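What TrEMBL records for 155-231 is region 'Disordered'. The compositional bias 'Acidic residues' annotation in TrEMBL covers 163-191. Among the features that TrEMBL reports, compositional bias 'Basic and acidic residues' is placed at 209-220. Here TrEMBL flags 355-442 as domain 'DM2'. Look at TrEMBL and you will find 466-539 tagged as domain 'SUI1'.
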Amino acid sequence: MFSKSFRVKSNTVIKGSDRRKLKADIATAFPSLSVEDLSELVPNKEELNVVKIYAHKGDAVTLYVLHKTPVLFELEKCLYPTDLMLPGVVVPLSGIPEVKKGDCCAVKVVSNRAPMAVGTATMSSAEMRSLGMKGRGVSVLHTYMDSLWAFGDKSGPPSIPDVDTEGVEATYEEEEEEDDDEATEGGEEEPCPNRVPDAPCPGIQELSLADREEGEHGKEEGEDPEDLRSPQEQMDALLLQCFLQALKSKVKKSELPLLTSSFLRIHMFSCCPSGKQLDIKKSSYKKLSKFLQCMQQQHSLVRVKELSKGVESIVEVDWKNPELRSFRTPKDPGIEEASVEVGRAEGEKPYHPPEITTLYSVSSRLEPLFQDAKKRKGTVLQPAEVRAIITDYVKRNELVDENNKNYVIINPILCDCLLEKSEYQEVEALKWDDLFSRTLYKMQHCHQLVFPGQPPIVKKGHIEPIDISVASRGSNKKVTMIKNLEVYGLDPMAVSVALQHRVQASSALNPVPGSKDRVLVQIQGNQVQQVCKLLLDKYQIPCKYIQGLDNKVQKPGRKK
């Protein structure tokens, strides 16, 4: 199921009630687990994330991630996993473990008890024995070194000796030696279809390499003094570094007084090194106001004042503070690359907007008008081609008014094709511009999209604009929604990630109601202005193809 890469829909911290429910569900599914085992799987105080993903076949899966490593996953609908065939299973001396159909199973290699794969049993142990160990035994859901393994810390499984299979391995070696001796005495050896060629046990080399890499990685980590600190202390240090860097390189004297929320969102977040994430809740301060209060009282770096009720602002910065003057901005070359490559997947080509052309299709009503030009119903034409065909028809039938050449005389065909029933007795001639506009209006609208390096795509109807809307959620909370990105060849996931980096707000992808292939990008707050800048400046989408620009946040004007 995880043999190919998957798409992450959301990543949130689990709630206290959901944590307790998860523990209860695990205890029900695995009654043999002790209280200590449950606490190790689902700790009470450590951060546990709920990650919702879509597998490559569209199956919805929920991951429970602890320390950036998936520890549990839950299937939300029917899946189509890979099967483990019973003829390749080594039966231990104690026999096959007793399982029922649908029970969770772990697959291991010979001489190592560490699981290499997990899945569900397709039949009971009694059925396996009655069938002579033939057929499908386990539906494999997750294996070592698949995409789910790569989503975590990529550590290798431990090497745990398996007492039950040591005798089996020795028996196999003796049987192989006897077979070799018989083959030597009898001459040429006949190929045996059930015999496995001499090869190392699958997973053993990977285990040794993984252990070696893990050891080297641990040695490198031991040399880094930062890893000796707790995660809270590391976040405190990162918070102070971003704070000092923002004051020294971002904030200008003319910007003061500066809202503390704007200082965090615009300046501090942009100073965070690549590969790290600034999260005040993971620090010892927990809140921005407490951190700024510490910077004011203990370090005397800034002065914070409540200019309006409940809204704090930085009103003064001590630019001559020794701690600020001695601070050196750390070099992080990855920041510029990350800002350029935001929203672009690894190896993905840069985005180029499509060339959009308006076309017109011949309708059944106008077919007699285009019959002389051999254009049948459904023929797609450009506006210039339509104009040339109409001009040629008028001149060939000598319909130009002799007294005023700006007018065209209406004949029966033009009357049936272009005029309404109420105009049959009233209109005898039309201006050239009116003739062309009526013709285009009566034709069916189409549009053509040309992406670089791809053949043209012609679709009926007007092209759908990128729709930007703002909706209310809960008590005065706003969310910005963007849809129809796929029409212009934009990846919704890439746009979502780019907006996350730009506005430092959470985003999610939701399916568009009534559409199978469309995805809706949703981001917290009224971010219409930032979305417009992203679409116009980075993706170079023309303004006429963006709908909802009037939903920008309007700054209150001065009262007269």
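Placement of Cβ uses the backbone N, Cα and C atoms for every residue, glycine included.
For the domain 'DM2' (355-442), the mean pLDDT of the prediction comes to 90.
Taken residue by residue, the domain 'DM2' (355-442) breaks down under DSSP into 35 helix, 16 strand, 37 coil. With helix defined as DSSP H, G or I and strand as E or B, the domain 'SUI1' (466-539) counts 26 helix, 26 strand, 22 coil.
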